[in-house]
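Record features, source Swiss-Prot:
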| type | residues | note |
| --- | --- | --- |
| MOD_RES | 334 | phosphoserine |
| TRANSMEM | 7-27 | transmembrane segment |
| TRANSMEM | 31-51 | transmembrane segment |
| TRANSMEM | 75-95 | transmembrane segment |
| TRANSMEM | 100-120 | transmembrane segment |
| TRANSMEM | 132-152 | transmembrane segment |
| TRANSMEM | 154-174 | transmembrane segment |
| TRANSMEM | 194-214 | transmembrane segment |
| TRANSMEM | 224-244 | transmembrane segment |
| TRANSMEM | 250-270 | transmembrane segment |
| TRANSMEM | 280-300 | transmembrane segment |
């Protein structure tokens, strides 16, 4: 099996793990929040991250992955930003209608595209933009109902969108810049995320629910679903970093909308949640957008791979030409008295090459 095939197989596995684990945790949390009345979402998320860190620490002790420390300030900033984005999303849901909150989630994709275009010079083809538009239109039809606006809720939603986009872009860029795996990044950033939410969680949950998480009556059933939710969250957090590292923040958001459609369908089929033709139409349009997006992404990936493969032989041919080699600094021609000799000279190392255009 070639490296390309292994990478594709790993990407498919990461996407599948993300879908299965995310849908599972939504079902578990729905039972915990809606049925059992445990509405402390931010505090629950801090417990998720704490269990994830402990699980990764055990995996490190068992030598299932290698610890690779890197810039501590980058890790701390990234972890705290991730925690803040989760808290802001929960506040956005608390201070807005469900319909406006869904619009907030839809805004993450165009915001991510805008930020990557402005700051990373990443280009999104018209075909990709078209497929994303179809996807967002479909999810909007399926999920957005009422749009009640208020000033505080709008500001919180804006901050939630920006912090979420930046955090997901950082998840991708940090892995590539410092050459760390998704597991290594998650292991180092988890404590900062957990502490941020552990400190702010009870306050935010109290603000949103008018209840105290420490005064809640923890029955055996509630404890069971909390433990189950925390165990599933290990897979959710791991697959999130894995998907963003292997693909892109935009692809991860597309996957997130697929999960939304699956949860809606699951709620209708098994739980008999209210469902109408608008939901069905929206899901169908969204699925079409996802299929088109996946198709165009695979086509562009193949084109880039073929361009790279055609450039390599040309580079090798240019290295064989002494005149081109001389221009590149890999060799010089000198008169050695009786004839022409070629002397190899190492190219001059420029430490600032990464900062030059």
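Glycine is no exception: its Cβ is also placed from the backbone N, Cα and C atoms.
Against the transmembrane segment (75-95), stretch 31-51 has more CB pairs under 8 A than any other of 7-27, 31-51, 132-152, 250-270, 280-300.
Segment contact holds for the transmembrane segment (224-244) and the transmembrane segment (7-27), given three or more CB pairs below 8 angstroms at sequence separation of 6 or more. In this chain, the transmembrane segment (100-120) lies close to the transmembrane segment (132-152): three or more C-beta pairs between them fall below 8 angstroms, excluding pairs fewer than 6 positions apart. Residues 15, 18-19, 22-23, 26-27, 105, 108-109, 112-113, 116, 124, 132, 135-136, 139, 142-143, 168, 240, 243-244, 279, 283, 286-287, 290, 293, 297 of the same chain lie 6+ residues outside the transmembrane segment (250-270) yet bring a C-beta within less than 8 angstroms of a C-beta in it. Annotation: stretch 132-152 has the most Cβ pairs under 8 Å to the transmembrane segment (280-300), among 31-51, 132-152, 154-174, 194-214.
Residues 95-100, 102-103, 106, 109-110, 113, 250, 254, 257, 260-261, 264, 278-279, 281-290, 292-293 of the same chain lie 6+ residues outside the transmembrane segment (132-152) yet bring a C-beta within less than 8 angstroms of a C-beta in it. Away from its own ends, the transmembrane segment (31-51) comes close to residues 86-87, 90, 190, 193-194, 197-198, 200-202, 204-205, 208-209, 211, 213, 216, 219, 221-222, 225-226, 229-231, 233-234, 236-237 of its chain (Cβ-Cβ under 8 Å, at least six residues beyond either end). Nonlocal intrachain contacts for the transmembrane segment (154-174), taken as residues 6+ away from its ends with a CB within less than 8 angstroms of a stretch CB, comprise 74, 78, 81-82, 84-85, 88-89, 91-92, 95-96, 100-101, 103-104, 107-108, 111-112, 115-116, 120, 180, 185, 240-241, 244-245, 248-249, 252-253.
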